[in-house]
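Participant: Sharing the feature lines straight out of TrEMBL:
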- 79-102: transmembrane segment (TRANSMEM)
- 114-134: transmembrane segment (TRANSMEM)
- 171-190: transmembrane segment (TRANSMEM)
- 196-223: transmembrane segment (TRANSMEM)
- 315-337: transmembrane segment (TRANSMEM)
- 357-377: transmembrane segment (TRANSMEM)
- 397-418: transmembrane segment (TRANSMEM)
- 451-470: transmembrane segment (TRANSMEM)
- 482-503: transmembrane segment (TRANSMEM)
- 529-547: transmembrane segment (TRANSMEM)
Amino acid sequence: MDLEQKTRGLGKSCALLVVIAGMERYAFKGVSSNLVTYLTDVVKMSNSRAAKTVNTWAGFTSMLPLFSAPLADAYWDRFFTILASSSVYFVGLVGLTWTAFAGSRSATKAVSTYFLYSSLCLISIGLGVLNPSLQAFGADQLDHDLDKDSEVPSIDQKDAIATRKTQFFQWWYIGVCNGSLMGVTVMAYIQDTYGWVLGFAIPGIAMLLLILLFLSGCGIYVYGPGAGLKAKTTATLFEKTLKFIKGRVAKKQRRKYTLADEEDLDAMELEQQERPLCICDDTEAEDIETPSTTATILEDESSKTVFSGIDNVKLVLRLLPIWTMLLMFAVIFQQPATFFTKQGMTMKRNIGSSFKIPPATLQSTITLSIILLMPLYEKILIPVTKRIKNNGKGISVMERMGVGMILSIIAIVIAAFVERKRLDISQMMKKLPDYDPETVPMSIFWLLPQYILLGISDIFTVVGMQEFFYSEVPARMRTMGFALYTSVFGVGSFVSAALISVVEAYSSSTGERQSWFVDDMSEARLDKYYWLLALTSTLSFVVYIVLCKFFKSSSDQGTEEEEEEEEKSPK
């Protein structure tokens, strides 16, 4: 069978999970994309506090997979983990809707911040557990599809598997982008036009539909190791500890037996003579258990339990340098949902006489750029790089992430120039008698280039990050790999919030008249903040290039080991 036929298309279970991932993004983006507007206009937070709140919440949400993933890999069934976490997610969305409803009915129009934070926390917990488990469950389906490709000739098998992996992550990301696009455009308009109660209720309904759709696919899923509905073969922590103790006791007894006196050795020799030298029947070999084999099996299973935490630490330390250099990319990606949106609120947003563009909907151009340009990447860029580099995959994952980092730096530099122009126009308008402090006569479409460039950088870096962390972890720690990917954005959100606090403290200590993030957008100095991000991102990129020269991927290490074995083997 031709290689292209063997590597084309996704299985039904993979396709269903791609749709479910898109629905989840619709619900999340429907809340997160315009949350800064809700916090400033309804909850009455300052610009800096609202931005730090959104960044901290996003960071907490993205960091949770680092803690939930080891538990999900070791002890939790993936199917039921997805079901439980999506239910918690749904409860959080219901609570957020109730917060908006209670605030609208209150005489003072005040929103309970305690109930608001509790609802956001439930959403974070649900999403933090759901995302890596859902991606790992999708990877289980992918592994099943790759097993079907075993008929592919061995020469082409490696390229076929690499192509299928890339295809899976591209389709997964297209599904996520479609959900994000709908969430940003539709929900931002509904929230600005019809209010926040309906604007938060619709994502909750979408989450309920997601749960029902996920349950409808029970008959087509492949339940790999750690997945639900399969007969549970993974022992609990207590059972594994007990097996470990039994294994140690059996091993000591075996050692005592081998150190017995000469009579015992003679008796053992006679006993061994009555047994067959080997068991040729595989089925019989599976049924017969000797003390030594039992102890070995128990020791192996207990070793996996005892050293799983050490394996996780080693894995994280190996990937930590690359992971760290990706943080500034994540910081830049926090800007569209915070300061880019606040910029847009002060600009001319009219289309015609009555319709106003909700500022948050400009985030949809990031997603739209991904959806439109992803096919060009796959159909044009990849084939060209394959010919240039003369290999089966084209641009490497590390190169792909690096290109995205460069584009994100260019995007934030453009954002700094646009913001400087907006401030200049605002200062000029202050001299006019009909000055409107809330609107600058500068079209919101000036922000489009920075959004589009971030979308293009997303194609390279984010999809590359997914594939990178997927490929660098063993199958039994796959949820941990996806958690490392999401934690980049989690820690990046915390870094963004910390940078805002540091800049505010710095501007106060140097005696500047106002903070860079003052509520009056005509006096704010977001352009300086963007230049700071551009500088730190450039430094991160330079270090990233150096690290890439010394980093060896798991596949490269495996290839080197195979070549060494071939050299050592007799000709």
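Just so you know, glycine gets a Cβ as well, placed from its N, Cα and C.
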Participant: Tell me if the transmembrane segment (171-190) touches the transmembrane segment (482-503). I count contact as 3 or more CB pairs below 8 A, with pairs 6 or more residues apart.
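Facilitator: Result for the transmembrane segment (482-503) with the transmembrane segment (171-190) is no.
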Participant: For the transmembrane segment (529-547), which stretch among 79-102, 397-418, 451-470 has the most Cβ pairs under 8 A?
Facilitator: 397-418
Participant: Looking at the stretches 79-102, 171-190, 397-418, 451-470, which one shares the most CB pairs under 8 Å with the transmembrane segment (196-223)?
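Facilitator: If we count Cβ pairs closer than 8 Å to the transmembrane segment (196-223), 79-102 scores highest.
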Participant: Same chain only, please: residues at least 6 beyond the ends of the transmembrane segment (315-337) with a C-beta under 8 Å from a C-beta of the stretch. Say none if there are none.
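Facilitator: Sequence-remote neighbours of the transmembrane segment (315-337) are 32-33, 35-36, 54-55, 58, 360, 362-363, 366, 401, 404-405, 408-409, 411-412, 415, 451, 454, 457-458, 461, 465, 468-469, 472-473, 477, 480, 484, 487-489, 491-493, 495-496, 499, 530, 533, 536-537, 540-541, 543-544, 547-548, 551.
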Participant: Under an 8 Å Cβ to Cβ limit, what residues of the same chain, 6 or more beyond the ends of the transmembrane segment (171-190), are close to it?
Facilitator: 10, 14-15, 18-19, 21-31, 33-34, 135, 138, 198-199, 202-203, 358-361, 363-364, 367-368, 370-371, 374, 462-463, 466
Participant: When you look at the transmembrane segment (114-134) alongside the transmembrane segment (451-470), do they share 3+ Cβ pairs under 8 Å, ignoring any pair fewer than 6 residues apart in sequence?
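Facilitator: In this chain the transmembrane segment (451-470) does not contact the transmembrane segment (114-134) - fewer than 3 Cβ pairs sit under 8 Å.
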Participant: At a C-beta cut-off of under 8 Å, are there same-chain residues at least 6 beyond the transmembrane segment (114-134) that contact it? List them, or none.
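Facilitator: Contacts of the transmembrane segment (114-134) (Cβ under 8 Å, skipping residues fewer than 6 from its ends): 17, 20-21, 24, 28, 31, 43, 57, 60-65, 68-69, 72, 76, 78, 81-82, 84-93, 95-96, 98-99, 102, 479-480, 482-483, 486.
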